[in-house]
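Undergrad: Annotations for this protein, taken from TrEMBL, read as follows:
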- 364-373: compositional bias 'Polar residues' (COMPBIAS)
- 163-255: domain 'GerMN' (DOMAIN)
- 27-54: region 'Disordered' (REGION)
- 91-143: region 'Disordered' (REGION)
- 351-373: region 'Disordered' (REGION)
């Protein structure tokens, strides 16, 4: 499969290794250009994540993708179902993608970050990127099951300090590539983001938005802060707490105190449980097969990816992720045959719904509109 890309469309095809903590942050360090090398963070005694855990809530006026009928359980090797022939074809899962869902203890307990080795250098500014910029993960808000807002990830290329520019995309009115996503932040000025004394310090010079804007609930405010936490920790490749330093005399932001550090909330309660990494929104693809990569946490680690053209389902392939019984998302990869497929189509990946819609809010869904040539 070949992918043609626009200026802001990144092909997430080159994945770095696990970080020093041997966890799952490295999936956020992905991109075609040079990925950001984290600034050194010197841990001060007693510094640890003590901020409150965000709770997802309803976001109004967001498009919910149409839920497709539940498919059977996908066991063992993935199977491709071509509607024209109903032939089952085995799929390869030999080249897994690193996972993206950062984790913390279920139930809201918080642990201080534990790197495997203590940095010895003084804190430094973020590495200067190359002329073509740095690829960073950005977490946006979209609709999860039942219309509940969840975080979805895209990769964007930025110039300058990757931490600062990533924060500005989230907090300053940046636009996602996928029209199903958005940010919960109004436009908030960000002066700088730097790594120092065991934290990532976000400098917000203005004193606006001490209270929540009209239409923003407390849950929305908490999820907005998780947008920032997941994004900056993904850029930094380290699960360090976030501290926001405000101007003025009232240090609240959206009605929440900022005199404590913000930690990462549970991945299963914050992230959408399936996320497509590649192809990206708006990609043009050629070839006989479409390689789909992503991350998920689905029942028995399996679920379907579909190719849709309007109401027609052109093909469906079952993916098998690397796991499911932990508080994180696991990588998956699947191959969808493109025989006879041309034009604009929608790639839709889902989690499995073992109840067939009888219980809960249905599967988590992520979609990408692509063009097949």
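For all residues, glycine too, the Cβ spot is worked out from N, Cα and C.
Just so you know, TrEMBL annotations are computer predictions that nobody has curated.
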Undergrad: The compositional bias 'Polar residues' (364-373): which same-chain residues, six or more beyond its ends, come within Cβ distance under 8 Å?
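TA: Distal contacts: 65, 67, 142, 144-145, 150, 152, 178, 180, 272-276, 279-286, 290, 294, 296, 298, 338, 341-351.
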Undergrad: When the compositional bias 'Polar residues' (364-373) is classified with DSSP, how many of its residues are helical, how many are strand and how many are coil?
TA: 0 helix, 8 strand, 2 coil
Undergrad: Restricting to the domain 'GerMN' (163-255), report the mean pLDDT as a whole number.
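TA: A mean pLDDT of 96 is what the predicted model shows over the domain 'GerMN' (163-255).
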Undergrad: Kindly report the helix/strand/coil residue split of the domain 'GerMN' (163-255) according to DSSP, in that order.
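TA: Grouping H, G, I as helix and E, B as strand yields 28 helix, 18 strand, 47 coil.
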